[in-house]
Amino acid sequence: MERFVTRGQKRPGSDGATDEAPRGSEKKRIKVEICDDEGVKEEDEDAAFEEFSHPIPWQKIEADGLDCDYALLFSKEEADHLFKQLEEEVVYMKGEEAKVQVFGKVYSIPRKQATYGDEGLTYTYSGVKHSACPWTPTLEYIRDAVTKTTGQTFNFVLVNRYKDGQDHMGEHRDDERELDPLCPIASVSLGAARDFIFRHRDARGKQSHRHIEPVKLELAHGSMLLMNPPTNTFWYHSLPARKKVLLPRINLTFRRILLDSKK
């Protein structure tokens, strides 16, 4: 693809040393293309996950104003177990909370959503304010793994559950005023692999005045995509519907809410 660059497998915030894959883990090629993938089949995994400690290989993704890091954060066994735990723990929104307002009209969200985080935090998007539920043990564990890996702290997570490929997320930017603009957004994917598309703000719609190719990724089971500043300033992102995907996916986007904005 044009304007797409991958670099070295360097951990964000590291001194430039290349990380090695976890000992005993399988080598997996990171896909950066549209694929007809029907997802990851679930398996029973009752063993408790162990303390997160292994280094992971990173892939750098760059374009005009886009700066992301991608890695497989959890092994398949860990990811299977985490998915199962989240299915038991997360309580999703219902009724009016499960709707959004777009250009004055109210629509049902084409997926399930939930918000968790530190006590007292709220997050407003699409015209609706949501209060953070207390962290569940599994969300807390994943948050700590993300923090340990990235060196960034997060106090809020938006949970999206896609029952299959019919559920989707429209093109948007995470530019709400509550978000710390200097903190990356960490997106952890569990379950079916799905396509994720970035589109530059100057290359959207019929009136676009620049030709900039979209950046297309496949987000794998157990992966993490770190969207660093200024990505959300210049690029919209979406998760399009994919009819061939038959299995569910849970996505966790960890964010840092500015406490001053809550006053």
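We number each residue from 1, going along the chain as drawn.
Glycine is no exception: its Cβ is also placed from the backbone N, Cα and C atoms.
Listed features, source TrEMBL:
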type     : residues                                               : note
BINDING  : Phe103, Gly104, Lys105, Tyr123, Thr124, Tyr125, Asp175 : substrate binding site
BINDING  : Asn160, Tyr162, His172, His237, Arg249, Thr253, Arg255 : 2-oxoglutarate binding site
COMPBIAS : 20-29                                                  : compositional bias 'Basic and acidic residues'
DOMAIN   : 153-258                                                : domain 'Fe2OG dioxygenase'
REGION   : 1-29                                                   : region 'Disordered'
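Mapped onto this structure are the features recorded in TrEMBL.
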residue : record                      : Cβ within 10 Å
Lys105  : substrate binding site      : 7
Tyr123  : substrate binding site      : 21
Thr124  : substrate binding site      : 12
Tyr125  : substrate binding site      : 18
Tyr162  : 2-oxoglutarate binding site : 25
His172  : 2-oxoglutarate binding site : 13
Asp175  : substrate binding site      : 11
His237  : 2-oxoglutarate binding site : 25
Arg249  : 2-oxoglutarate binding site : 25
Arg255  : 2-oxoglutarate binding site : 22
What's the CA-CA gap between Tyr123 (substrate binding site) and Arg255 (2-oxoglutarate binding site) in angstrom, rounded?
10
Could you tell me how many residues in the domain 'Fe2OG dioxygenase' (153-258) are helical, how many are strand and how many are coil under DSSP?
7 helix, 50 strand, 49 coil
How many whole Å apart are the CA atoms of His172 (2-oxoglutarate binding site) and Tyr125 (substrate binding site)?
11
Tyr125 (substrate binding site) and Arg249 (2-oxoglutarate binding site), Cα-Cα, nearest whole angstrom:
22
Taking only the Cα atoms, work out how far Asn160 (2-oxoglutarate binding site) lies from Lys105 (substrate binding site), in Å, as a whole number.
22
Rounded to an integer, what is the Cα-Cα distance in Å between Lys105 (substrate binding site) and His237 (2-oxoglutarate binding site)?
22
Count the other Cβ atoms sitting within 10 Å of the Cβ of Thr253 (2-oxoglutarate binding site), across every protein chain shown.
18
What is the maximum Cα to Cα distance, in Å and rounded to a whole number, among the residues Asn160, Tyr162, His172, His237, Arg249, Thr253, Arg255 annotated as binding 2-oxoglutarate?
20
10 Å Cβ neighbour count around Asn160 (2-oxoglutarate binding site)?
20
Taking the domain 'Fe2OG dioxygenase' (153-258) alone, what is its mean pLDDT?
92
Length of the line joining the Cα atoms of Arg255 (2-oxoglutarate binding site) and Thr124 (substrate binding site), in Å:
13
